[in-house]
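*Asks:* Mind looking over this structure? Questions follow.
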Ligand code: TZP
Ligand code: MG
């Protein structure tokens, strides 16, 4: 499936609780979100498969891919379009072997050393960050700022998406650093109007 990293929504069930996860995703996609990642550190695999299946149905025909965070088995069982792994999750080679060549596979990168060690040929994109400290991810790595982002982008042969504390007002800096897009949780999840929150990114 072709993909566009421009505005990549990463979900947080707790933050989305008031609006509802599906309603949030639906509104955000109407507002211009181009990729959706289902991320849930607490749900059982079964609950996550059920949620992914609902999101996949909701996104049907939109051209917006559904990516699963961390859990290879959930990505496979739900028929999601891809998987995003961190440095200490399932190895990229193992994920690629299990998912096949068509799946969209992304990896989180925080340092040049991690980029050097990444199996680039097995990956479709990288997530670079965190740009800023954020309450949305526990024990996140050291923030890299826009200078760190630009340094990683220069060294990276793959499309990249910046993540961590990003708001619509940062769009120009992300694009100046050379990343293809922005990944966000709290700037859309838990906002009173996720449609307008997404629209704000596309307008800036
Ligand atoms: N990985 C690095 S920072 C982050 C993840 C999943 C959380 C981003 O959330 P927010 O609310 O957009 O800062
Ligand atoms: Mg992870």
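Glycine is no exception: its Cβ is also placed from the backbone N, Cα and C atoms.
Note that TrEMBL annotation is computational and uncurated.
Predicted, not measured: the structure shown is a model, and the values here were computed from it.
Checked TrEMBL, it gives:
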type	residues	note
BINDING	37, 38, 39, 40, 41, 69, 108, 137	4-amino-2-methyl-5-(diphosphooxymethyl)pyrimidine binding site
BINDING	70, 89	Mg(2+) binding site
DOMAIN	7-188	domain 'Thiamine phosphate synthase/TenI'
*Asks:* Around ligand 1, within a Cβ distance of under 6 Å, which of the binding-site residues 38, 40, 70, 137 show up?
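*Replies:* What lies within reach of ligand 1, judged by Cβ under 6 Å, is 137.
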*Asks:* Please report the number of other Cβ atoms within 10 Å of the Cβ of residue 39 (4-amino-2-methyl-5-(diphosphooxymethyl)pyrimidine binding site).
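*Replies:* Total other Cβ atoms inside 10 Å, all chains included: 22.
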*Asks:* Which binding-site residues, if any, among 37, 38, 41, 70, 89 have a Cβ under 6 Å from ligand 2, given in order along the chain?
*Replies:* 70, 89
*Asks:* State which of the following binding-site residues has the fewest other Cβ atoms within 10 Å around its Cβ: 41, 137.
*Replies:* 41
*Asks:* Please give me the CB contact count at 10 A for residue 38 (4-amino-2-methyl-5-(diphosphooxymethyl)pyrimidine binding site), counting all chains in the structure.
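*Replies:* Cβ-Cβ neighbours of residue 38 (4-amino-2-methyl-5-(diphosphooxymethyl)pyrimidine binding site) within 10 Å number 29.
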*Asks:* Express the distance between the Cα positions of residue 137 (4-amino-2-methyl-5-(diphosphooxymethyl)pyrimidine binding site) and residue 70 (Mg(2+) binding site) as a whole number of Å.
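*Replies:* Here the two Cα atoms are 14 Å apart.
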*Asks:* Quick check for the class: what is the C-alpha distance, in angstrom and rounded, between residue 40 (4-amino-2-methyl-5-(diphosphooxymethyl)pyrimidine binding site) and residue 70 (Mg(2+) binding site)?
*Replies:* 9
*Asks:* Work out the three-state DSSP category of residue 70 (Mg(2+) binding site).
*Replies:* coil
*Asks:* If I take every residue in the domain 'Thiamine phosphate synthase/TenI' (7-188) and average their pLDDT values, what number comes out?
*Replies:* 97
